[in-house]
Amino acid sequence: MTTKADKSDDGKVRGRYLLKLSGEAFSGGGGLGVDPDVVHAIAREIAAVVRDGSEIAVVIGGGNFFRGAELQQRGMDRARSDYMGMLGTVMNCLALQDFLEKEGIDSRVQTAITMGQVAEPYIPLRAVRHLEKGRVVIFGAGMGMPYFSTDTTAAQRALEIDAEALLMGKNGVDGVYDSDPKTNPEAVKFDSLSYGEVITRDLKVADMTAITLCRDNKLPILVFELLAEGNIARAVKGEKIGTLVGDQGSRD
């Protein structure tokens, strides 16, 4: 199992990937809002990969603004707080789009909730056409429905655009561990895992709905450190970084 893309005669890497970015990464350190320097750095990484020939679609979380489940714990209605989180993802999408355009990369934001003044509606075939033309497509507003995470959105969008793999860029962690490496210095990192191992061990790769969706459709997941320079390019090229989750639990 591999995420390695093909090289064409001109030496460029070919392949279509769905990149899932955590909203917390956009804040530059787990705070609230958007850190322009961090978003610009991410945009530069994506731009380099697109120039090298890959087709990239993006789903961004909204945790740097709102988390529906956490707001629910503070007494808010879950559905309403989830919608607030969806709107937060759109703010992140627009920030990334702005910096991609500054890098000379055409991009389109498509949202699951209609907001015609700032984004296109989510239309899968149109998204694929954009990708084929070398544009980055950024999917916002989650699934457009409460109770679905942006991890699940990323898996669903990846399948619908026929992506080769789901690349999950994490903030501050370089793969999947058997326990939290931030609190346990003895935590062991996995090089690869099967979908079943992730589910039975209850490893915090993504929510179980997303993992099950990937398992049922044999979509590989690569979990890696987002903010390490050059890591998005390494992920697309199939280099051994992070943790690869797939059918066999092996990179062979």
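Every residue gets a Cβ built from N, Cα and C, even glycine.
Annotated by Swiss-Prot as region 'Involved in allosteric activation by GTP', the relevant range among 28-33, 70-75, 106-111, 148-153 is 28-33. Record check, Swiss-Prot: UMP site residues include Asp82, Met143, Gly144, Met145, Pro146, Tyr147, Phe148, Ser149, Thr150, and the candidate from Gly62, Gly134, Gly169, Gly172 also listed there is Gly62. Within 10 Å of its Cβ, the residue among the binding-site residues Met143, Met145 with the fewest other Cβ atoms is Met145.
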